[in-house]
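What follows is a short report on a single structure.
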Amino acid sequence: MDLRQFLMCLSLCTAFALSKPTEKKDRVHHEPQLSDKVHDDAQSFDYDHDAFLGAEEAKTFDQLTPEESKERLGKIVSKIDADKDGFVTVDELKDWIKFAQKRWIYEDVERQWKGHDLNEDGLVSWEEYKNATYGYVLDDPDPDDGFNYKQMMVRDERRFKMADKDGDLIATKEEFTAFLHPEEYDYMKDIVVQETMEDIDKNGDGFIDLEEYIGDMYSHDGNADEPEWVKTEREQFVEFRDKNRDGKMDKEETKDWILPSDYDHAEAEARHLVYESDQNKDGKLTKEEIVDKYDLFVGSQATDFGEALVRHDEF
């Protein structure tokens, strides 16, 4: 599907969404849950497996023998030990957990990378991205499908330049990831806020007032009463979003809204795994300590079978 087809589809989806005025649009970027399992090690280590590996990868370990599981875990530990000092710290484990949870992002980047690295030099320049994404627009600057492609291209170029740390208009894979998924990078958060404000700020005064805030998430349907969640959002705006009580949100207030400082579940899980596995209590883990507790980190056919026995007995 090319960009034109995608945007036409997006237009239809948008129109469909607007026809459902009680549906709420969520602009807030939350950290994803580490697992949808209950975190209760007395019952099972399923939560820990999902957190450490990601839910999909965790399923593959359930098919392995204990020996295979330990061998594969040992290889993972070598990747987690970023400074190669033979130990895994809480910070290294936290970084790994965050990577495992966001593996889908890197898979998305890999898919898009192949379509934009046109000269296959391991980099994506702005020219390559522009030509691959907007090439036909340059040939036909006034398409009749209602989208302002030039404006979209200007916005993309601004974001590309922000992601491009060294300013050479050529993105490494990490910079390209920041371009495609800016909410995942601290240095890109200002552009996320700026783009959000541009989307919502209809009168162009550089702020988001109450009506713009509500109008972005709710399309009023004639004489129908507002749903309760809209009334709640009005109260949220007045009581919490508009911190200085001037009737509108500035950049900092918008940032606090869409990029909240959530509880760091990855760090909490990393500390839990270290605490449970650290046999000599030195605050860090060796490969041997991790592999000895393989059932906590990754599981196998044996741990899965044991869990099944527990559930059968309970039944």
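Heads up, the Cβ atoms here are built off N, Cα and C, so glycines get one too.
Given the ranges 32-35, 300-303, 304-307, 312-315, the record in Swiss-Prot names 312-315 as motif 'Prevents secretion from ER'.
Of the residues GLU110, GLU127, GLU128, Swiss-Prot puts just one in the Ca(2+) 2 site with ASP117, ASN119, ASP121: GLU128. Record check, Swiss-Prot: Ca(2+) 3 site residues include ASP164, ASP166, ASP168, and the candidate from GLU157, GLU175 also listed there is GLU175. Of the listed candidates (GLU184, GLU211, GLU212), Swiss-Prot assigns GLU212 to the same Ca(2+) 4 site as ASP201, ASN203, ASP205. Among the candidates GLU71, GLU92, the one that Swiss-Prot lists alongside ASP81, ASP83, ASP85 as binding Ca(2+) 1 is GLU92.
Other residues of the same chain near the Ca(2+) 3 site, with their Cβ within 8 Å of the Cβ centroid of ASP164, ASP166, ASP168, GLU175, are ALA163, LYS165, GLY167, LEU169, ILE170, ALA171, THR172. Look at the Cβ of each of the binding-site residues ASP164, ASP168 and count the other Cβ atoms within 10 Å; the largest number goes with ASP164. Between ASP164 (Ca(2+) 3 binding site) and ASN131 (N-linked glycosylation site), the C-alpha separation comes to 18 Å. If you compare Cα positions, GLU175 (Ca(2+) 3 binding site) sits closest to ASN131 out of the recorded positions THR65, ASN131, THR254. For the pair ASN131 (N-linked glycosylation site) and ASP168 (Ca(2+) 3 binding site), the Cα-Cα distance reads 17 Å.
Comparing CA positions across the recorded positions THR65, ASP166, ASP168, the one lying closest to THR254 (phosphothreonine) turns out to be ASP166.
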